[in-house]
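Remarks on the structure that follows.
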Amino acid sequence: MAIERTLSIIKPDAVAKNVIGQIYSRFENAGLKIVASRMVHLSRADAEKFYAVHAARPFFKDLVEFMISGPVQVQVLEGEGAILKNRDLMGATDPKKAEKGTIRADFADSIDANAVHGSDAPETAAVEVAFFFPEVNVYSR
């Protein structure tokens, strides 16, 4: 497998629960390196731009409202098969359907407040990483 980078967001619900460190431990224990990280409180404009791919979907307005409801922790994860590995760690979008031991099963409350976001493909990962982190702010190690 190739070394990949993927974007991960710890959403407002998980930040409010003070579980950032526990989630970071899961990334690192799975062999993923955190090569960029920052906390940000998204503006409405930034949330709408980031999730523009979902603009026509019925959940778009609620998603934007949720994502601007509090700070988020945004990070770039790097490692072999990072995109799939992160998605496996996250679990199913609906925490009720997520496997026991996944981030969403352990920390999410609902399909809306589902603790984390992760890029779903190499193309989206590249766009999402660039949205939050100019290349000069990502450090391979």
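Cβ atoms here come from the backbone N, Cα and C positions, even for glycine.
Note that the structure is a prediction, hence the values are computed from the model and not measured.
If you look up Swiss-Prot, you'll see Lys11, Phe59, Arg87, Thr93, Arg104, Asn114 marked as ATP binding site, on the strength of sequence analysis. Under DSSP, Phe59 (ATP binding site) is assigned to coil, being neither helix nor strand in the three-state scheme. Counting only same-chain residues six or more apart in sequence, the Cβ atoms lying under 8 angstroms from the Cβ of Phe59 (ATP binding site) belong to Asp112.
Long-range Cβ proximity for His117 (active site, pros-phosphohistidine intermediate), meaning a same-chain Cβ under 8 A and a gap of 6 or more residues, is found for Leu7, Ser8, Ile9, Lys11. For His117, the entry in Swiss-Prot reads active site, pros-phosphohistidine intermediate, with the evidence type sequence analysis.
The secondary structure of Asn114 (ATP binding site), as reduced to three states from DSSP, is coil rather than helix or strand.
Cβ neighbour density within 10 Å is lowest for Arg87 among the binding-site residues Lys11, Arg87, Arg104. Counting other CB atoms no more than 10 Å from each candidate's CB, the binding-site residues Thr93, Asn114 peak at Asn114.
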